[in-house]
Structures are given as structure tokens and as C-alpha cells.
Amino acid sequence: MEEEQSRRPAGEPAEEPGPAPEPECKNEDRVEDPEDPASTAGNGNSISSLEQPLLKRSTTLTASHLAIVGAKVSHIESLDYEIIENDLFKHDWRSRSNVEVLQYIFLKWAMAFLVGLLTGVIASVINLAIENITGLKMLHMVNLVRSGRYWAGFLYFAGVNLALTFSAAVLCVVFAPTAAGPGIPEIKAYLNGVDTPNMFGAPQLIVKIIGSIGAVSSGMDLGKEGPLVHIGACLANLLSQGGEGRWRLRWRWLRYFNNDRDRRDLITCGASSGVCAAFRAPVGGVLFALEEVATWWRSALLWRTFFSTATVVVVLRGFIEVCRDGRCGMFGEGGLILFDVSNVTVRYHVGDLLPVTLVGVLGGVLGALYNHVLHQVLRLYNLINAKGRCAKLALALSVSILTSAGLYLLPFAVPCTPCSAAGAAGETCPTVGKSGNFKQFNCPDGFYNDLASLLHATNTDATRNIFSTGTSGEFRLDSLLIFLAIYSVLGLVTFGIAVPSGLFLPIILMGSAYGRIVALLLARFIHIDHGLYAVLGAAALMSGSMRMTVSLCVIFLELTNNLLLLPITMFVLLIAKTVGDAFNPSIYEIILDLKGLPFLEPKPETWMKDLAVGELAAAKPRAVTLRVVEKVSTVVEVLRATPHNGFPVLDRPRPGVSELHGLVLRQHLMAVLRKRWFLTEKRRTEEWEARERFSSTDLAEKVTDELPQLSPEEMEMYIDLHPFTNTTPYTVVETMSVAKAVVLFRTCALRHMLIIPKFQGLEISPIVGILTRQDLRAHNILGAFPHLANKRKVH
């Protein structure tokens, strides 16, 4: 990945995992990974205090900068979340007036408001579209069944589903491959510091919106919750950058957000808004971002994310009021996963402790099993999707046909249930309209088909039906078992195809089914309503698969609107997560690893305490360094020979003494070359000279890696790097443990970490090496230090 120091030099085969040796350098003591450029302009020779390793190692630290993004192998870079404190940045902040500071603060809040507003509007439009398309499809299909035209009903049902799936898959395959899937793992990686390419652009936003409508309306076992999170993130990115490509707005006030840090904050707001839009849970959305996706957090960001989610929930409430009583077609009270049980009194008995514990344990076991099987399915799908666009389309259409056959045919396998046995409290039975618990389907008057009430409804209606209280006799055990089996199979084969898809709703439906099954089997020993057991089962399975606790608890609390459920929900979530953690990682961690995204975990491996960062640096190619005033030809040679994105800058204040002046980024060097800011003589410039040609905004612009054509005379000129050098890079002493370095790297959201020697002196280089994200990943370290693998097993 960008692990600039972990990447191979230009021209090397991309498939080779390890970095190639850097060009010969004068600094014999520096051995760094490709992120720290091998020195082309070294200073002195010295011997690192850790030159004699305590452990056997391979010749170099292994790393790969490739990842599967959008079913395609892509080069991965890191993001510059660190504040680059160079002379131009310091002058920019010193010169800002109070009005400009207030303008910057106001614009951050305005952006947060717009993210919430647009996310709420788009989510409501998606809900309306899905409800109406699915409702019309179901009504026509049921009318054909009621008239005895069973084959016509199946062909109509399967044909409409196939057309909807085809439209969603074509958009993903042709226009925006990265719009497939939920997008949450990529958002997690981005907020962790990984620049996932082509994830938050306008094509992804448009395809995600239209594709979600088509995919969910087609009846496939997927939800719109994950895509809504991605939609919120896309909106945040486009608003903060003024668009993208040639259509990007260049307004003066947008320059404030032309950096990775502010864009990260807005994407966090967008992710929170997406969760809020999916579940109408503003506090749950904030906590989801804090617990699940965000790596870096602060109090100001907490306020802005809450402001965004509050805006979303106001918009959703407005749409619900406007669409009340069916004024928006099939919308009615649907379109949102709402389960208000505020009027249900929950009383706990000692006898309920064992069944509730069983629900939690099953949630952890089934969640871990689901993760394991889904991992294997995704590995297979990667092989199929790699065969090209036709293979992706064929896979998506095959899953659509399987889904249509299962949803249509299975209700015929269960007998009709008389309404008198349903326990319906004043609700019309059977239901012949658009929504309701007791679907008539193929049954005569006075009877209903309980399985059809779950399979022949929108996912949100199905959730509301299975969560319904006071209906302990509504669903038969065999129907619930069939429902659990078909949704488990469909959930496994649907996720990973080339359509926008979410994991939340499939897992909720599976969990609610097994929760009701437990309630039916232990009916004589429980005192809590069966519908509440469905809620607990859904929460337990989500926790067992996604390993969320606090945010999930609050989301379900906001869904149920019943504080009495809080203690028992917390109890179930804790059990499910504990059991699930004993088997495998969360589903999002599995997907991150499968895609090859270099996500840094919050907790380092225990064996990392036995390795020093100096040892790690010694296993890398030498660091590439530059002088404060460097020749243009040298800079061009370094940029051509290495893919590194950061270069230590050394200064010689007096003969025989070298000091670390700071770190200069590749994009800043490219900006200097493009503007041809060269000196005819080797000298340090004055402050005003650089400010005449550059501003901090100019340096924030992302530029292509194409070097400009320079004349021989220009190649012999000089560049003064000190105005562009970050003079306050994060440095650690070479004796620091890798475990401590990992915590520091992740906590401070770094891209580069400079290693300095423990002993200072004449002719001793002030820089030992550079560590980057790839260098601190466990499997890369084990490639260079295989003996640590045994300690890993022991720990």
C-alpha cells in the first residue's frame, strides 16, 4: 500500500510481496522500509545500536500494497491525517483573521447539517421507492395466486425480481464496481487511515441509491442499512470537496476542507447519519460511528455527528407525518424499521434467566458460524467475480432466481392456519391488503398463511410482523424453522454479489426467527412475550456476528422505545459478543482481511513487546533522505526510483554534524517541480520567497504522480525544501517496542513514524528508519521474523 516505504520501487513486478532494495545510499547505518526512501543524499556513516539483531530474520520486511477494492486489485495509499507543520502552514494560520476562523467553524457545522439533511431526504426517497415497488409487485403476484394462476404468479414474481436485480447489477458492474456491497468495511479502513480508491465519488453515490432500490425491491435477502451508511459517507465527501473531477467547484471557502483531516470528520458524520436514517436512531448512529467505524475521535466531532443525526431524524419524522395514512402510496407506516413496544410491560422472573442466556449463547455461536461460512463464500465469489463482468452478472441473476423460487414456493409447503388460533388482538385476519401480520395468500377465508406473512412482505414489514407482541400463537414452529433456514442460506449466497447490499436486516431477520423458536420451545418456562424474544434474538445474532454492544444496545432501545428492555438486552449482547469472540473476529474484520485492506487493530499482538522498532527498521531497505537544499536532478531521481510518499530531510548545521530537519511529502515535491520553483544557487530562501508562489491550499491539492519535463539547465538547479518540510514529525527512539509504536501510530493517525538513534554524536545519522502502516501489520512482521510466530501461538 502507500506504505510508501513498504512499496517496491517503480518498475518492479506488482505481484511480488516484498520491497526491492533501494538504490545505493551513502548512509550505511540506515536500513528502512520502502516507505522511508533509501537515501540518495546521505550524511555520514554510523552503526545502529540495534544492528546486531536478537532474533533471526529474513532479508527484508514483507509487505503488499495491493487490495481488492470493488472486486478489482488496486494500489492502496495511506492518508495524511497528521498536521503538516511546515512554514507555509504556520504562516497560513498566523495570518487568518477572526472572521476567517469563525467562517471555518460555521462552515463545518453547515456541512454537518447538509450531510444530515441530504442523507435524510435520500433515505426517505429510497424507503418510498422500495415500499411502492415491492408493494405493487406483491399485490399483483397475490392476485394471480388467488385466481389459481400459480405458474403465472411465479413467472411474474421471478421476472420482476430478475429485472430489478439486473438493473442494480449492471449499474454496479459497468459504472461503479466499488458501489457493490455495504461499503462499511471500506469506510472503517478510510477512517483508520487507508485511502480506499473510488469509494466516495458521485458514480458510487448515484449507483448506490438506484442500486439499493432495485436490489432490495427484488426481494433478495439484503438490506439498505449498509448502503445508507455508504451514501452518507459519499455525500460528506462530495460536499466537503465541492464535487470531483472536472465538475469540482473551486469556491474559495471550500479550500478550508481540502485536507484529509476535515474530510475524515465529515465522512464520520455521514456514516452516523446513514445509520440514523436506517434505524431512526440518532444516538445509536453516533455510537455506531464511535464504536464500529471511527478510529480517531474527539469531543467536537461528537457534537457534530450528533447534530447530523438529529437533522436526519427530523427529516424522517417529517416524511412519516406527510405520508401518514397511506398518502405516499405503499409507504404508510413502513419504510423504516420501527418496533414501538412502549406500551408493553416487561416483567422479569428468575425462570427467564436461563432462556435469555440461551438466546445470548446461541447468538454468539450462530454469529460466529455465520461469519465463518460467509468468509468461505466470499472467497469463492472473489474467484467468480475475477472472471469478468459477465460472470458477475450471471452470479447476481442466479441468486435472484434462487431467491424468487424459495420465497414463492415455500409458503405452499405449510398448511393454512385458522384465524381463531392466531391470537390476533383486533387485527383483521386474514390480511388481504398491502401489509399486515396475517397474509391470506393461497388460503381460504378465515385462514392465513403464517410463512407467507414473512416471505411475501417487504423486509421491514417482515421484521415488524415477526417482532409483533401479543401473537404467541401466530407462527408455527415448522414455519419459523423454514424461515430461518431459507434466510440463512439466502443471506450467505446473496452477500458478495455485484449489487449494493447490507448485512443488518438479514441478520435481524435470522436472529428474530431463532428468538421466536426458543420462545416456542420453552413456552412453558418463560414469562416474556414471544415478540420480545424475537427482539433479543435479533440483537444477540447481530452482536455475535458484528461484535457490537453499546451502539447496538442503544439502537434497539430507540427502536423499541421501551426502557424496561434495556437490562435484558445488555445482558444478551454481552453474552453473545463474549461467545462470538471465542471463535473468530467480527464480520467486518473478516471482510477487511479478505480485501487486503491494511487496517490497524486497536490492540497490538502480545509478542510485539519482544521486538524493538530499531530491529524492524533494520529489516527494511535503507531510508531515502534528502538535504535541506537539494539538487533538482537528485529530487527527480528519488521520485523516479522510489514510490515512497515521505522523505526525511537532513541538515548540516556544521561540518560533521547532521540533524533531522523534518519530513517532506512526495506530493509537496511534485508541487515544487510542477511550479518550477528552482534556485540558480545553493542557498536557503527567505520566508517571503516561498509564500509568493505557494500557499498551504496549493500544497493540499492532490496531484498526479507524473513528473514534469525538465530541461538540462533546470536539472542542475536547486530546491530549498525547508519551507515545505514538516518540522515536527512524530519520532520514536529505536529501543521502543513495536507494541508501543503500534498504539502510538494508530492513536495519532500517523502515516509515517521516524525512528531516531538512542545515541547521538558526530558522524552518527540522526535517522535510523521510517515505519509505515504496512510495516506494523502482524503478518508482515512475521514474514521478517518467523521465530515470533512460535511466541504468537504461545500467547
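Backbone N, Cα and C atoms are what each Cβ position is placed from, and that goes for glycine too.
Note that TrEMBL annotation is computational and uncurated.
What TrEMBL says about this one:
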type: COMPBIAS; residues: 1-10; note: compositional bias 'Basic and acidic residues'
type: COMPBIAS; residues: 40-49; note: compositional bias 'Polar residues'
type: REGION; residues: 1-49; note: region 'Disordered'
type: TRANSMEM; residues: 104-130; note: transmembrane segment
type: TRANSMEM; residues: 150-176; note: transmembrane segment
type: TRANSMEM; residues: 266-289; note: transmembrane segment
type: TRANSMEM; residues: 301-320; note: transmembrane segment
type: TRANSMEM; residues: 353-373; note: transmembrane segment
type: TRANSMEM; residues: 393-410; note: transmembrane segment
type: TRANSMEM; residues: 480-498; note: transmembrane segment
type: TRANSMEM; residues: 563-580; note: transmembrane segment
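Within the chain, the transmembrane segment (480-498) has long-range Cβ neighbours (under 8 A, six or more residues past its boundaries) at 71, 169, 172-173, 177, 180-181, 220-222, 370, 373-374, 377-378, 381, 385, 392-393, 395-396, 399, 402-403, 406-407, 410, 413-414, 451, 454-455, 506-507, 509-510, 513-514, 516-517, 520.
Of the recorded ranges 104-130, 150-176, 353-373, 563-580, the transmembrane segment (393-410) has the largest number of C-beta contacts under 8 angstroms with 150-176.
Same-chain residues lying 6 or more positions outside the transmembrane segment (266-289) and placing a CB less than 8 Å from one of its CB atoms are 111-112, 115-116, 119-120, 122-123, 184, 187, 190-191, 200, 223-225, 228-237, 239-240, 257, 301-302, 304-306, 308-313, 316, 336-338, 502, 504, 548, 550-552, 554-555, 557-559. Long-range Cβ contacts of the transmembrane segment (104-130) within its own chain (Cβ-Cβ under 8 Å, at least 6 residues beyond either end) map to 96, 209, 212-213, 216-217, 224, 228, 231-232, 235-236, 239-240, 253, 256-257, 262, 265-266, 269-270, 273-274, 276-278, 304-305, 307-316, 319, 323, 328-329, 331, 334-336, 458.
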